[in-house]
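Report on the following structure.
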Amino acid sequence: MEFECQVSTEVSKNLIDCVDNLFGQQREPNQFNSKLEAENFGISEQTSDSYTEKEKIALSKPTLTKKPNSDSCGSKQFLSSDVVLNSHRSITDLPPALLSEILNFLDPKELGMVSCVSTYLCRLASEHHVWKDFYCERWGNSTVPTSLGSGVSDEMSWKEFFVEREFRSKTFMGRYSIDVMYGHSEAVLTVFLLASAKLIFTAGYDQTVKMWNMEEGLLIASSRSLGCTVRAVAGDTKLLVAGGTDGFIQCWRAVEGFPHLFDIKGPQNQNTEFRLWEHEGPITSLALDLTRIYSGSWDMTVRVWDRFSLKCVKVLRHSDWVWALVPHDLTVASTSGSDVCIWDTSSGRLMTIIHSAHVGNTYSLARNHTGDFLFTGGDDGAIHMYEITSHGLETNALLVATWAPHSGCVYSLAFEFPWLVSASADGKLALIDVRKLLRTRKHDSGKRFSCVKLVDRSSVEPPQRMLHGFGKNLMSVGIGADRIVCGGDEGVVRIWNFTEALEIERRVCALRAIRLENRMRRRKLHLENSSKGSRNDQCSVAAKKNPVTGDKSGWHSKRALSGKLKS
């Protein structure tokens, strides 16, 4: 991209006459000083009415050349046979700090296109800090990711981490294998995938919590009976919590040096295992963040607990049973019968409510890492996507898209960008890619956020993939680390493993890169041979032509001549 100032023809002619008069006089070399430059170029001293503002900008940086060039539009004029004004400017001439601010407004696709323009822009775009923002916006990690598995170097840049994660997200459309894990004696009501530790936790009607190895699909440990049905499990690398129908929250702290973080099968230890009591009904949903524990119950409350003091700091009261909840920052979204509520956990204020989100109960919720989008599933088998916007104290929920892939209740939702996975009573899993509905914008404060493209809800694409193979209700689902985990009434846990598709895609990309490299090498050799032999070929062809008739000399011409004589 170049920027050029246009100058009028009349003013340019006056400029030429002025310059010719000035350079027509004999001057000593030391007399060509800054004062004369100011008079010739009109930078600071010249204030003639014949100069426009655009012309002063065009004349602000003269360039000396040996051979003048003419411009068809007359926008550039020559000071003499050795002086020319060059007003062409490139975007790469901008200061790196300013150019970095410009790149900060691009989305990942546009930033990748810019990196293909030149070596300088490639280096600047590849090392730009915005790649970390892109990664954290989509997958929520604020440090170097550790869940990408083998084959990923710690020395990779944030752009390379982003590209790798984006590449992995495409494998859910590829080949998979199914691992079936047996161990529960009754229906599995909840599954939780802790991808960073490669662990899976499950619980259900058999009143136990089980821990599985995600890679091998083997049972690691099973807790003792908790005395009631366990409907919710959540955790991180420091704390594991399970909610029972007796209204308590069973907690295990991570044991330092323990190979699998939590010792759930050992004898009760007050230092690593404890319970929280305050709910008056069965606990149906649990969630954690860095400082708090969130619990929802059929006693129509959501309780917020401090992780350090283990005290309940806030009680959010609803008008109906709470089936699901999902926190983000200082807000938490929860279901209340068929309604969906969004709360401010610091003040306990109800920010907004979505009335009758589904026909019947709303059973499941999911949210992206930035909290801009909320997904709901319910009794009617539909899945809704809402955009959450805040303007001061006012919060709104805008319905963006609706899918109806199931013939039964949607009991569970899980989201990992860009895939939304649903588990239903019809025994099917639906995979929905929401990437085409989103675009990236930037706040005036500098924070990036996702927003919805203006699309017609009736034209929303159906789910990209449906996974079958279950005959009964699917009660819970989780997604992460190239795997989808689900459990249901059959009492087994299934892992849909897409690592095979990832390996196949890597081999395909490697072969594609080799073919491209070979093609470019052949093209380069062909161009080199053509440039070397073109002149010799032209000379040889010209030498073989008859100067009179223009026919080529050689046995072809003799053969043609002998044929004519025979005839």
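A Cβ is built for glycine as well, from the same backbone N, Cα and C atoms used for every other residue.
Per TrEMBL, the features are:
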type: COMPBIAS; residues: 528-539; note: compositional bias 'Polar residues'
type: COMPBIAS; residues: 555-567; note: compositional bias 'Basic residues'
type: DOMAIN; residues: 88-134; note: domain 'F-box'
type: REGION; residues: 527-567; note: region 'Disordered'
type: REPEAT; residues: 181-222; note: repeat 'WD'
type: REPEAT; residues: 276-306; note: repeat 'WD'
type: REPEAT; residues: 355-390; note: repeat 'WD'
For the repeat 'WD' (276-306), sequence-distant contacts whose Cβ falls under 8 Å of one of its Cβ atoms, 6 or more beyond its ends: 229, 231-236, 239, 241-249, 251, 312-327, 332, 334, 336, 343, 345
Intrachain residues whose Cβ lies under 8 Å of the repeat 'WD' (355-390), provided they are six or more past its termini: 136-140, 321, 323-326, 328-329, 331, 333-335, 337-340, 342, 396-415, 417, 420, 422, 424, 426, 430, 432, 434, 437-438, 449-452
Helix, strand and coil counts within the repeat 'WD' (276-306) (DSSP): 0 helix, 20 strand, 11 coil
Helix, strand and coil residues within the repeat 'WD' (181-222) as assigned by DSSP: 3 helix, 24 strand, 15 coil
